[in-house]
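**Student:** Below is a structure I'd like to ask you about.
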C-alpha cells in the first residue's frame with residue numbers, strides 16, 4: 001500500500017512539472033498573453049510590512065528548546081533527535097523546569113491541576 005502511494009505521488013509530481021513547463025514554453029512563444037492586473041496601480045503604493053520576529057513560539061511552531069515556547073506548560077518536542085522540533089503541551093513539571101532554566105519567557109507561576117486535590 002505504501003509503495004502504491006509513493007508511486008502515485010511520483011507520477012503526480014512528474015505530471016505537475018511537465019504541465020508547468022508546457023505553460024512556460026507557450027508563454028515564451030507568445031502563444032499566451034500575459035494577464036494584466038486591473039488593481040496593480042492601487043496596490044503599488046502600499047509597501048509590504050516586514051514581519052517582526054516574536055520572542056516566543058506558539059503551539060505547533062518551530063523551536064530549539066523549551067524556553068522558545070510561549071506557554072508556561074509548553075515544551076519543545078523533537079522528532080528524530082534534534083530535528084523537526086515544535087512546541088507541544090507539557091505538564092506542571094515542564095513549567096517548573098522552565099522556571100529554573102529559562103532567562104527569557106520565564107513562567108511567573110505554574111498552574112496546578114485540580115484532579116489530585118481532595119475536597120472536603
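Sequential numbering from 1, following the chain as shown.
Placed from the backbone N, Cα and C atoms, the Cβ positions cover glycine too.
Per Swiss-Prot, the feature signal peptide maps to 1-16; the stated evidence is sequence analysis. Positions annotated as disulfide bond by Swiss-Prot, on the basis of similarity to another entry: 56-70, 63-76, 69-87, 78-85. Summarising the annotation, Swiss-Prot assigns domain 'Agouti' to 56-95.
Can you tell me where each of these features sits in the structure?
**Tutor:** Listed as Cβ neighbours of the signal peptide (1-16) (distance under 8 Å, sequence separation of 6 or more from its ends, same chain) is no residue at all: none.
Cβ neighbours within 10 Å of residue 70 (disulfide bond), excluding its own Cβ and spanning all shown chains: 15.
Mapped onto DSSP classes, the domain 'Agouti' (56-95) shows 7 helix, 16 strand, 17 coil.
Under a cutoff of 8 A between CB atoms, and with a sequence separation of 6+ in the same chain, the neighbours of residue 63 (disulfide bond) are 57, 69, 76, 85, 86, 87.
Using a 10 Å Cβ-Cβ cutoff, residue 85 (disulfide bond) registers 20 neighbours.
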**Student:** Counting Cβ neighbours within 10 Å across all chains shown, tell me which of the disulfide-bonded residues 56, 69, 76, 78, 87 comes out on top.
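**Tutor:** That would be 69, with the most Cβ atoms nearby.
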**Student:** Compute the C-alpha separation of residue 70 (disulfide bond) from residue 78 (disulfide bond), stating it in Å without decimals.
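**Tutor:** Between the Cα atoms of residue 70 (disulfide bond) and residue 78 (disulfide bond), the distance comes to 16 Å.
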